[in-house]
Amino acid sequence: LVLELNQIIIPTYGTVPDQQNLHTPEWADFDDKPDSLFFSDGQRRIDFVLVYEDESKKMTHKRSDRKKQKRKRQVYESNLINNGLQLEATRSVLDEKLIFVKVHAPWEVLCMYAEVMHIKLPLQPNDLKTRDSAFNWFSRLFRVDENIIKPEQEFFTAPFQKELLSNFYIQDKDTFFNPATRSRIVHFILSRVEYATKNNVKKFGINKLLDTGIYKAAFPLHDSSFRHPSTDPNCPSERYLLYREWAHPKNIFKLQPLDFVRKYYGEKIGIYFAWLGFYTNMLIVAAVVGVGCFLYGCLTRDNCTWSQEVCDPKIGGNIIMCPQCDKVCTYWNLTITCESSKKLCIFDSFGTLVFAVFMGIWVTLFLEFWKRRQAELEYEWDTVEYLEQEEQVRPEYEARCTHVVMNEITQQEEHVPYTACEKCIRMTFCTSAVVFWILLIIASVIGIIVYRLSVFLVFSATLPQHISGTEAIRKYLTPQTATSVTASLISFIVIMVLNVIYEKVAILITDFELPRTQTDYENSLTTKMFLFQFVNYYSSCFYIAFFKGKFVGHPGNPVYWLGKYRNEECDPGGCLLELTTQLAIIVGGKAIWNNIQEVFLPWVKNLIGRYCAAARSEKVVPRWEQDYHLQPIGKLGLFYEYLEMVIQFGFVTLFVASFPLAPLLALINNMLEIRLDAWKLTTQFRRMVPQKAQDIGAWQPIMQGIAILAVVTNAMIIAFTSDMIPRLVYYWSFSVPPYGSHSSHTMKGYINSTLSVFNVSDFKNASEPFSPWFGNQTTCRQVYRDLRYPPGHQHQYEHNIYYWHVIAAKLAFIIVMEHVIYFVKFIISYIIPDVSQKTKSKVKREQYLTQKLLHENDLKVVKKTMGKIANNIIKGVDSTFRPKAE
C-alpha cells in the first residue's frame, strides 16, 4: 500500500519553486443562500471547508512570520489543485478577517482515490430474502417511523476498480459517492498533500497546518440546520431528521436509526452507538434481576437475626466494644451500629450471592451476543475485510519511512520508519513510562490511605467535642463516616487531576511509538489510557474491599502501617457499606464531571458565540460559517465516550456484589447518555470526518478481561468482605453441638460468639485509651470478627477453631464459585457462534457475486482479446502460404 501511495500521490506533491506561478482558488461572493451546499455555480458540491485568517490582517505575528505562513498556505492550496481538487474562496460575512476555502472533488478524483483506498461500493441490490423475527411486531412499536426515515436499500458490494466501472450499480454519478464517502476521500487527500520541504524532510498534511495556526479549522459541512429542514429542495436535511427522530429527548424509549447514523456520520460513530445501545438493552435484564435481589433483601431484613441481636438492648446493649484507635478513642456500645446493620442486611443477603453468580453469566452472554451483532454490522456496513484491504497508513508513519527492509512474505524491499533495534528501544521507553505513571498512581493511593489513618485519629478526638447537635447528628457523623467521605472526595479530586496530566503523557508516548495505521494508534492509546484509568478509578475500591480491616491484629497487639499509623478497622458489619459509599462518590462525581465537560461547556461556548455573532450583525449567514462557530470535535474523537462506558461496565461487574442496584443506575444513565451524545453531535459540534471502523477496537479485549476478573472479585467480596460465609459456618456447624449449645440450627447467639473478648488490663501503654473505664466489666469486644480465644485460655488471643473453619469455607467457596461460573462461561462461548448462519450466507453470496461479476468479466475480455490475436495469427499464416501474384 505504501508503494501504491508513493506511485499515485507522492509525485504530485512537488515543492513549488518561488518563481513558479501558484494555482489559486477561485473567488466568489456569498449568494445569500444560507442552506446552500454548493459552489456559487450551484453545480459543484462542497465536500470540505478550510478556514484561515487573512495574513494581511493578522496583528499577532511578525511580518516575516505572516509571509511564511501565507507562502505555506498558498503552496498547499496549489498542490491541492494539482491533485485534482477544485477550490473556491469566500470571505466571511461576520468577520472580514476570515476566509472560507470550499473544496470539491470531481468524479475523476473520487474514482481514482476510491480505488486507492479500496472503498467498497454497490454491485447490485441484495437479493437474499430475510425472515422477520418472531418479535418483529413488538420491536416495530419502538422503531423510527419508516415514512420519515426510509430504510437503506441493501447492496452487494466490492472494492472499487475504475476499469470495471460498468459492473457497479451507478444510477447517478452525483449520488454514487454519498456525502460521507466524498468527505472521507477529500480528507485522505488533505492529510497527504505537501506544503514545504526543510532539510530534505517533507512537511505535509492538514493536521500540521491546523496545529501551527495556518488554518483555523477544517471540517465537512452539516447538510442543514437541526432546528428546521433545509430550504434547498435538493438537500435531504438528514441532520434535521437525526435530531428530530434520534437526538431529541422524546425518543428516549425508541430504537436508534443506526443505518441512518452510519450513513451521515460514518461507521466509526455508528458502531459506537450500536454498541452503547446493545449494552443498554442487555442492562435491562441485569437491572430487573438486581432490583429483585434488592427487594428480596428489603423483605427479609426484618428476619435478620444477627441485626436484631445488635439492636437488642439486652444483647447488643450489653456488649462494650474496644476503642478503634490508640489513646484518643474511647469505648463504645454495639447498639450504635444498629442502623448500619439493618442497611447491611439488605445487601449482605442470599440474594446478593445469587445476583453475583447471575452477573458472571450475564457478562458472558453480553459479550458473545455482541460479537454476533458486530459481525452483522461488519457485513451490512462493508467493513468485513476493512483492516486487511482498506485502511491506509498514517501520514506521520509515511513521512518517517526512511529505512529499507526486506519483506519476508513478498521478498521485496519496503520502507519502514525504524530498524528492529530502534523499535525495541522505543517500546522499552514507552513501557517504562507507562509503568512509572501507574506506580505514581499507586503512590497517590498509598497517600490517601495514610491520610485515612492519620485523620481518623483527629476526627476521633475532635468530633465528640465539637458536635453539640442532636443525637441524630451524632449517630450519622461518626469518625468513620467523616474519614470515609473526606477520603473519597480527596481521592476523586486526585483522580481527576491525574487524568488531565496522564492524557497528555499517553498521547506523547503513543506518538513516539509511531503506530502504522490509525487503528493501531487508537488501540495503543486505548490500552495505555485504560491501564491508567483502571488503577486510578478502581484502586481505592480494591483497597476497601480486600485490604481494609484484614490485617489489624487485636487490641493488645495492633498492626501499624509504616510503623506509625494503626491499620484501619471495618465496622462490626464489615466494609460493604463503605465500599458502596466509595462507589457512589466516584461514579456519581465522574458522571457529573463528564456531563459538565461534554455537554454543558460546549453548549455555553456555542451560546456565547451565537450571542456575539447576533450582536455584530443581522446578516444572512452561510452554512459553512454557521458550522465554523460550532465546537470542534477533539482529536481523540469518541475515546472518552468509550472510556466512560467501559469504566462504568467495570463498576457494574467488578463490584456488583456490594451494590445490586448498580445495573439499574447504569441503565438509567445510559438511556440518557445515548440521547445526550446524539444531541451533542447533532447540535453542538461540527460534523466529524466520517471514518471506517470494523469493530470497537481494543475495548473488546478489555471488556473480556474485566469479565474474567469480575468473577474473581465478586467471589472474594462475598467470601472476605461480606459476612455471609461466617454466618453460614455458624448456622450449620457452630450453633449446634459439639461447638454450640442450641438443639437445632439457628442464628441466635451469632453476635456473641463472633466478637472476640479482650481483657482491658492487657492494653499496652501505647494503645491504652485516655478515657476511664466505666462499670464493673473488665473486658471489651473486638470491633471486627477476628474469632480468637478469650483471655485466660491457654492459647489466649490466638485464632480459634471457628476461624480456621471460616477460612477453609471461604477458600472452598471461591474455588467452587469461580469454577462453576467459568465452566458455564465456557459452555456459553462454545454454544453461541460469533457469526450467525444468516450473516455467513450473506458473506458467501457477496463473494460469489464479486467473483462472477468482476473476475468472469475479466476472463471474457481476455478471451475476446485472445480471439483477435488468434485471428490475426491465422490471417498472417494464410498470407504466408498464399501464392505470390505474378
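Every residue gets a Cβ built from N, Cα and C, even glycine.
Curation plays no part in TrEMBL annotations; they are all automatic predictions.
Restricting the average to the domain 'Anoctamin dimerisation' (38-258) gives a pLDDT of 85. Marked as domain 'Anoctamin dimerisation' by TrEMBL: 38-258.
Summarising the annotation, TrEMBL assigns domain 'Anoctamin transmembrane' to 261-846.
Under the heading transmembrane segment, TrEMBL lists 272-297 (among others).
Nonlocal intrachain contacts for the transmembrane segment (350-370), taken as residues 6+ away from its ends with a CB within less than 8 angstroms of a stretch CB, comprise 275, 278-279, 282, 285-286, 289-290, 292-294, 296-297, 300, 652-653, 656-657, 660, 663, 700, 703-704, 706-707, 710-711, 714-715, 717-718, 722, 724, 817, 820-821, 824-825, 828-829, 832, 834. Residues or ranges marked as transmembrane segment in TrEMBL: 350-370 (among others).
Annotation comment: TrEMBL describes 434-461 (among others) as transmembrane segment. Long-range contacts of the transmembrane segment (434-461) within the same chain, counting only residues at least 6 positions beyond its ends with a Cβ under 8 Å from a Cβ of the stretch, are 324-326, 328-329, 479-480, 482-484, 486-487, 490-491, 494, 498, 502, 505, 509, 528, 531-532, 535-536, 539-540, 543, 561-562, 565-568.
Residues 437, 440-441, 444-445, 448, 451-452, 455-456, 459, 463, 529, 532-533, 536-537, 540, 578, 581-582, 585-586, 589-590, 593 of the same chain lie 6 or more positions beyond the ends of the transmembrane segment (481-502) yet place their CB under 8 Å from a CB of it. Among the features that TrEMBL reports, transmembrane segment is placed at 481-502 (among others).
The transmembrane segment annotation in TrEMBL covers 645-668 (among others).
Same-chain residues lying 6+ beyond the ends of the transmembrane segment (702-721) with a Cβ under 8 Å from its Cβ atoms: 352-353, 356, 359-360, 363-364, 367, 526-527, 530, 545-546, 550, 574-576, 579, 646, 649-650, 653-658, 810-811, 813-814, 817-818, 821-822, 825. For 702-721 (among others), the entry in TrEMBL reads transmembrane segment.
For 811-832 (among others), the entry in TrEMBL reads transmembrane segment.
Long-range contacts of the transmembrane segment (645-668) within the same chain: residues 276, 279-280, 283-284, 286-287, 289-291, 293-294, 297, 347, 351-353, 355-356, 359, 363, 530, 533-534, 537-538, 541, 545, 576, 579-580, 583, 586-587, 590, 699, 702-703, 706-707, 709-710, 713-714, 717-718, 721-722, each at least 6 residues beyond the stretch ends and with a Cβ under 8 Å from a Cβ of the stretch. For the transmembrane segment (811-832), the residues of the chain that approach it from at least six positions outside its boundaries are 356-357, 360-361, 364-365, 368-369, 372, 707, 711-712, 715-716, 718-719, 725, judged by C-beta separation under 8 angstroms.
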